[in-house]
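Novice: According to TrEMBL, the record shows the following:
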{"type": "DOMAIN", "residues": "130-238", "note": "domain 'Cadherin'"}
{"type": "DOMAIN", "residues": "239-342", "note": "domain 'Cadherin'"}
{"type": "DOMAIN", "residues": "343-446", "note": "domain 'Cadherin'"}
{"type": "DOMAIN", "residues": "447-556", "note": "domain 'Cadherin'"}
{"type": "DOMAIN", "residues": "571-671", "note": "domain 'Cadherin'"}
{"type": "SIGNAL", "residues": "1-24", "note": "signal peptide"}
{"type": "TRANSMEM", "residues": "683-706", "note": "transmembrane segment"}
Amino acid sequence: METASEKRQVVFLTILLLLWKSDAETIRYSMPEETESGYLVANLAKDLGLRVGELATRGARIHHKGNKDLLQLDAETGNLILKEKPDREVLCRATEPCVLHFQIILENPVQFFQTELQLTDINDHAPEFPDRKMLLKISESAQPGTMFPLKAAQDPDIGSNAVQNYTVSPNLHFHVITHSRTDGRKYPELVLDRALDREEQPELTLTLIALDGGAPSRSGTTTVHIEVVDINDNPPKFDQSLYEVQIPENSPLNALVATVSARDLDAGIHGTVIYSLFQGGELSQPFEIDEVAGEIRLKGTLDFEATPYYNIEIVATDPGGFSGKCSVAIQVVDVNDNAPKLTISSLNSSIPENAPEAVVAVFSVSDPDSGENGRIVCSIQNELPFLLKPTFENYYTLVTERPLDRESRADYNITITVSDLGIPRLTTQHTIIVQVSDINDNAPAFNQTSYTLLVRENNSPALHIGTISATDSDTGANAHISYLLLPLYDMQLALTSLVSINQENGQLFVLRALDYETLQTFEFSVGATDHGSPALSSQALVRVVVLDDNDNAPFVLYPLQNASVPCTELLPRAAEPGYLVTKVVAVDCDSGQNAWLSFQLLKATEPGLFNVWAHNGEVRTTRLLSERDVPKHKLLLVVKDNGEHQRSATVTLHVLLVDGFSQPYLPLPEVARDPVQDDEDVLTLYLVIALASVSSLFLFSVLLFIGMRLCKRAREASLGVCSVPEGHFPGHLVDVSGTGTLSQSYQYEVCLTGDSGTGEFKFLKPMISNLMVQDPGREVKESPPCRDSFVFS
C-alpha cells in the first residue's frame, strides 16, 4: 500500500508540474438546448491540435465537474458527440449563461484541458399561470384608471423566450398593462377603463393571455372572474411598497423573516385586512405569512448556493374585495464558517543564489464556502523577492522573482497568507524558511582602480610604501583573497627586483634603493584572486613615482675645469659693449627646481668690465676696452641649483685681450723703455710661450685621438675612449622651460676622455640651418648622471 501511495504522489506531482507549464486557455463550445443525442459537437482532436488517433493512444477521457454525463468522446476519430438531449431549464434553472464545465484529460504525457459547453435557450416552454382561474372582487365605486394586480404566468425559458406581454380578451371595462420587476420578469395589471355597475352586470369573465417573445411565439391563458362588490371606498395600503430583508442561510425553521403592515381606512368589516402570499419568484416558496399579523416566517431550509435571493409579493385584502400589494425582496446571506485550507505539495527550502525563477514550493488552497466567502486571496510579504503564480484552478507555485543574492540577504522567512473574502475574513497562514546558498559570483574588488604610490629616491631597502586592499562579498573560501604581482609587458626591469607584495594582506615593499636619475616611475598590476571554484580575480594598476632629491651638484660642461691647461678666451680690444665673450655651459642631473641653474660672477680682475647673465651663463662685456685695461683677466663664477639644500660649482675663466683673431700677438712700437714696461714685456713673452704650449698640446691630443680611434675601434666601449654619438643631446640636460643654459642658435661638440683626467674642448662653427630643437613634450624615461660625450643644440 505504501508503494502505491508513493506512486500516486509522484504522478500527482508530475501532473502539477505539467499543469504549471501548460497553457491555461479554455476551449469553449456552444449549442442550443434540446439538441438530439448523437449530435456532433466538435472534433476535439482538431481543436487540440492533435493527430487522428492520438487521443486514443494517450487515453483521452472526459471528466465532468458535477455535471450530468452529456458528452461522449470517440477517441479514434476525435469527435465529441452529444450523449443525450440536454434541457437547459433542468441543468441551469434560471442561471444565465448556462455553462457546463468539464475537463479533457490526456496521458503520456499528462495534460489537462479546461472545456466549457454553453447551452443556449430555445423557446420550448409556453407561459403557464399558477391558477387556471383567478377571482377578482371589484367595488362598483372603483374609478376608471384603477389598477388591479393579476398573478403572473411562469415561463422556464429566459431572455426573449420568457413572458414578454399580457393581453386580455376584448371587453368594455378593462385593459391590461404589462410591468417589469427588478429582476426583469413581467407581470400584468388590470386597468379599469369604465366604471362598473353591479345592477347592470354583477360579474364579468375575462381571458388573460400571456405571450413570450420566442419565434414562433407561445402563449398561456387563464380565466379572470370579476365580481362587482358593493361600495367599499378604501382599499388596504401597505406602509412600504418594497421591503428588503436579509436572512442567513443557516436560519432555523419558523424564523421570522419580516413583518409587513397594511391599513384600511374603512370602518367595520370593510377595514379588516387579511394578508396572503400573492406571487413569488418561484412556484413554491420556503416562506409563509400569518394572515392576521403579517409576519413572514421560514417554513423550509435555505440554500444560498441553490437560490441566493427571493422576491415575493404580499396582498392585503379587506372584506369588501379591495386589496393592496407590496413586494418583499429577501436576500439569502452566505455564512462564512469555513477557514481556507493550504496544502503543501512540494517544498525546496534551500535555493542557490543567482538561480532564475527557482521553484520554492507548490501548494493548493480550498474553501468549501461559496461566493465572497469562498473566494480566496493568496499573498506573501511585499518586500520579498518572491512571486506567487497561479497554475491550475486553486494551485499556486512560489518562485523567486529574480536571482537571489546571498551577499544582500542569506535567508528569508516567507509567510503565505490565505484569506477568504467573507465577513469576518477567515485566514490561514503558513511560514516557509528559505536558505540562500552561496556561489562564487563576486570577484574581489579593489578599493581603487589604480593606486599611485610616492617614494623618495635613496630610500632604505625593504621599505613599506603602501597597501593594496581588495574585498570579496562572498563567504568562506569564496572570500579568501591572495595577492600577486603582475608585470606589464613593456617593463624593461625585472619587477621582482624592485618590489614585493605580501600575498595575504597586500602590503607592498621596495626591495632596493631607487635613483630618480635612473628611474623616475614604473607601473605594474596587482592581481587579487579568491579561492572559489572557479576562482575569480581582478586587477588594479599600481604606479610608483620616485621623488627627486637634490643629490647632484651642477656639472660644468664648458669651460672644462679638470684640464691640465686652463682654457683661455680671446677678446678683441675693439669689442663693443655687450660683446659675447663666452658662454658657461652647465647641467644638473636632478629635475624640477633642483635642476634650475643660475650663474653669478664672484670675482674678476677688472670688476666693472664683465657681467654674467644669471639664467643662461653668457659672459659679456659691459663697456669699451681701453689701452689701460690689462691684457689678461681671470673671472671666477659660481653655478647654483635651486634645490632645498642648494648645491653649487665654481668656474674659472681666463680672458686674453688681443688686437684681432688673425694676429694674436703684434710687436709693440719702439718707444722709450722704462722698468715697468720691461716687466710687462716679459709677462707678454710668458703669455705667448703659454699659448704656444697649449696649442701644441691641443694638436698632440687631436692626433692621439685620431690614432686611437683608428686602431682601437673594436674596444672603444671597454677602454672608455671618447666617442661622439649621433642624435639629440640627452633630454635631462635641457631645460624644458626654454630658459636653459645653451643658446638655441649654436651647436657644440664636446669630447671628454675618461682615463687621463684631462680633456679638450672643440668649438665648432654655428649650425643655424640645422637647428635641432628639443621637443618639450617628449617623456624622459632614463637620465644617466654623466656621459663621456654629448651632442646638444
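Backbone N, Cα and C define each Cβ position, glycine as well.
Curation plays no part in TrEMBL annotations; they are all automatic predictions.
A description of the local structural setting of each listed feature is requested, covering burial, neighbours and distances.
Specialist: In terms of DSSP helix, strand and coil, the domain 'Cadherin' (130-238) has 3 helix, 54 strand, 52 coil.
Across the domain 'Cadherin' (343-446), the DSSP tally of helix, strand and coil residues reads 3 helix, 54 strand, 47 coil.
As a whole-number mean, the pLDDT of the domain 'Cadherin' (447-556) in this prediction is 89.
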